[in-house]
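Reading through the structure tokens given below for one structure.
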Amino acid sequence: MNNIRKTHPLMKIVNSSFIDLPAPSNISSWWNFGSLLGICLIMQILTGLFLAMHYTSDTMTAFSSVTHICRDVNYGWLIRYLHANGASMFFICLFLHVGRGLYYGSYMYLETWNIGVLLLFAVMATAFMGYVLPWGQMSFWGATVITNLLSAIPYIGTNLVEWIWGGFSVDKATLTRFFAFHFILPFIVAALAGVHLLFLHETGSNNPSGLNSDTDKIPFHPYYTIKDILGVLILIATLSSLVLFSPDMLGDPDNYIPANPLNTPPHIKPEWYFLFAYAILRSIPNKLGGVLALVLSIAILTIIPLLHMAKQRSMMFRPMSQCLFWILVADLLTLTWIGGQPVEHPFVIIGQLASVIYFMLILLIMPITSMIENQLLKW
């Protein structure tokens, strides 16, 4: 009798994706983040579903419905904070996952990489719209400021913004549609993640050396299932600590004040995971220029395969590129810090310098360094 795992139409797909999948024998813990992102997505969809059962997407009741969830619903506070801090864990895993791809040259799998960039945009859109739903001060003003950026688009800008708002300001119509989009987008993300995985399994995983590993493969289960469980345990421990000890650490206290269109908060800033892009937006004094820089700060990932000049795929054997990679990481951390600071000296100039360095590193310095390293190999 044939093994049902290998013959059943559905089990066959699961088997070839998670059980008998041939994986390189030397992939490190940096390869754990794909599975962690899957866990995060499932957790966000489940907690979000239970929150949606009690949430009302109306400007009059949205804030009090969130309060009701935290005070009156059984373990509502737990579900709410798991969802809010789960988003932070999601983005930590996302950034580390993208960083791994940049360091080890995984972007050479073009389809997988480009769908990954699309996924990043989709998750960012989902998180932004989710932040609007509690209808606190930062929700309202964040939505106003960010949607208003679209008015910088020539000719159609103003009409576009009013179309998205469903009126002449952020109001009931905006909140309702944001809730609808926030509910549907995670399922689109899940579908895209399936396609991401499909394209990855066409080529197989990359590995730290960047060399072809076809001659040395091991089955995914039990080796990498066990290895992934360690990552999952660390994720759960970190998230639990955050939720149970300091659930509001990553949030903004202004969001505990109900939305008031007549009162602007002193410092409007998004959640921490958008601060690097927000800093790039603010560092350009022109509105349209800022919006373009904001979009390009993420969209630039799509052209990274074109900028790959090195003879080796991975940075493992390229010490000069390694240094530049860590400078890029430090630069992004600097931008994240600046995004949370008020617009005043010296933060403005630091943000502008960090923004210029960010684009210079990716577009110019790293490709040139790769070419220099190619020459050094001719000794």
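Residue 1 is the first one shown; counting continues down the chain.
Backbone N, Cα and C define each Cβ position, glycine as well.
Swiss-Prot annotations:
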- 33-53: transmembrane segment (TRANSMEM)
- 77-98: transmembrane segment (TRANSMEM)
- HIS83, HIS182: heme b b562 binding site (BINDING)
- HIS97, HIS196: heme b b566 binding site (BINDING)
- 113-133: transmembrane segment (TRANSMEM)
- 178-198: transmembrane segment (TRANSMEM)
- HIS201: ubiquinone binding site (BINDING)
- 226-246: transmembrane segment (TRANSMEM)
- 288-308: transmembrane segment (TRANSMEM)
- 320-340: transmembrane segment (TRANSMEM)
- 347-367: transmembrane segment (TRANSMEM)
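Features recorded in Swiss-Prot, as mapped to the structure shown.
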{"residue": "HIS83", "record": "heme b b562 binding site", "CB count, 10 Å": "21"}
{"residue": "HIS97", "record": "heme b b566 binding site", "CB count, 10 Å": "20"}
{"residue": "HIS182", "record": "heme b b562 binding site", "CB count, 10 Å": "21"}
{"residue": "HIS196", "record": "heme b b566 binding site", "CB count, 10 Å": "21"}
{"residue": "HIS201", "record": "ubiquinone binding site", "CB count, 10 Å": "14"}
Next on the checklist: Does the transmembrane segment (347-367) come close to the transmembrane segment (113-133), meaning at least 3 CB pairs under 8 Å for residues 6 or more apart?
Outcome noted: no
Item to check | Closest of HIS83, HIS182, HIS201 to HIS97 (heme b b566 binding site), Cα positions, binding-site residues only | outcome: HIS201
Checklist outcome for this item: Other same-chain positions with a Cβ less than 8 Å from the transmembrane segment (288-308) and lying at least 6 residues past its termini are 98, 102, 105, 107-108, 110, 113-114, 117, 120-121, 124, 149-150, 152-154, 276-278, 280-282, 355, 358-359, 362-363, 366-367, 370
Checklist entry - With pairs closer than 6 in sequence left out, are the transmembrane segment (33-53) and the transmembrane segment (77-98) joined by 3 or more CB pairs under 8 Å? => result yes
Checklist outcome for this item: HIS182 (heme b b562 binding site) sits from HIS196 (heme b b566 binding site) (Cα to Cα, rounded, in Å) at a distance of 21
Checklist entry - Residues sitting near the transmembrane segment (320-340): Cβ under 8 Å, six or more positions beyond its termini, same chain? => result 99, 102-103, 269-270, 272, 274-280, 282-283, 310, 347, 350-351, 354-355, 357-358, 361-362, 365-366, 369-370, 372-373
Checklist entry - Which residues of the same chain, at least 6 past either end of the transmembrane segment (178-198), have a Cβ under 8 Å from a Cβ in it? => result 17, 37-38, 41, 44-45, 48, 52, 55, 57, 112, 115-116, 118-119, 122-123, 125-126, 129-130, 132-133, 143
Next on the checklist: What does the structure give for the C-alpha distance between HIS201 (ubiquinone binding site) and HIS83 (heme b b562 binding site)? Integer Å is fine.
Outcome noted: 30
Checklist entry - Quick one: what's DSSP say for HIS182 (heme b b562 binding site), helix, strand or coil? => result helix
